[in-house]
Amino acid sequence: MDHSLLRHAGIKATFPRMKILDIFYQHAGLHMSAADVYRSLISDRSNIGLATVYRVITQLEGIGLLKRTQLDAHTTVYELNDKGHHDHLVCTHCGRILESSDPAMAQLVRKIAKRSGFLLDSYSLVLYGGCGCRQGAPTPSHGEFE
Ligand SMILES: [Zn+2]
Ligand SMILES: [Zn+2]
């Protein structure tokens, strides 16, 4: 990857920053928690501690290279911030994360904010359900919101 991204953002290209950013480029398209990044560093034999991982990820998010999504009260995932806004669909059985980008949804959100006189900075939409991984399992055919 291009480490000049860090210099352009005005922060030093230290080893942990370059290494952690590399992990995200190696797993482009994936959503990773700090623990996922940490595990990946261990299998890479990198001597970077979990506290450093948290700190660096927060810095990379702060300069706009990573995008953070709060999936639930306990799970925060990060991904490269290179695709523009999209929403997430999370499978509550297998943890799979799908993405969706629908201009109609963005429009609706802006409309809702405007109607309330709310100045919208950003929004985050997460849909929970099943991705189809449990086909054959005795699950009800309709979700609560169908
Ligand atoms: Zn699934
Ligand atoms: Zn995503």
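Cβ atoms are placed via backbone N, Cα and C, with glycine included.
Residues or ranges marked as Fe cation binding site in TrEMBL: HIS85, ASP87. According to TrEMBL, the Zn(2+) binding site annotation covers CYS91, CYS94, CYS131, CYS133.
What TrEMBL annotates, mapped onto the structure for a quick look.
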{"residue": "HIS85", "record": "Fe cation binding site", "Cβ contacts under 8 Å, 6 or more apart": "SER101, ALA106, SER122"}
{"residue": "ASP87", "record": "Fe cation binding site", "Cβ contacts under 8 Å, 6 or more apart": "GLU99, SER100, SER101, ASP102, MET105, SER124, LEU125, VAL126, LEU127"}
{"residue": "CYS91", "record": "Zn(2+) binding site", "Cβ contacts under 8 Å, 6 or more apart": "ILE97, LEU98, GLY129, GLY130, CYS131, CYS133"}
{"residue": "CYS94", "record": "Zn(2+) binding site", "Cβ contacts under 8 Å, 6 or more apart": "CYS131, CYS133, ARG134"}
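Proximity of the binding-site residues (HIS85, ASP87, CYS91, CYS94, CYS133) to ligand 1: a Cβ under 6 Å from the molecule is found for CYS91, CYS94, CYS133.
Neighbour counts were taken as the number of other C-beta atoms within 10 angstroms of each residue's C-beta; across the binding-site residues CYS131, CYS133, the minimum falls on CYS133.
Same-chain neighbours of the Zn(2+) site beyond CYS91, CYS94, CYS131, CYS133, judged by a C-beta within 8 angstroms of the site's C-beta center, are, in sequence order, THR92, HIS93, GLY95, ARG96, GLY130, GLY132, ARG134.
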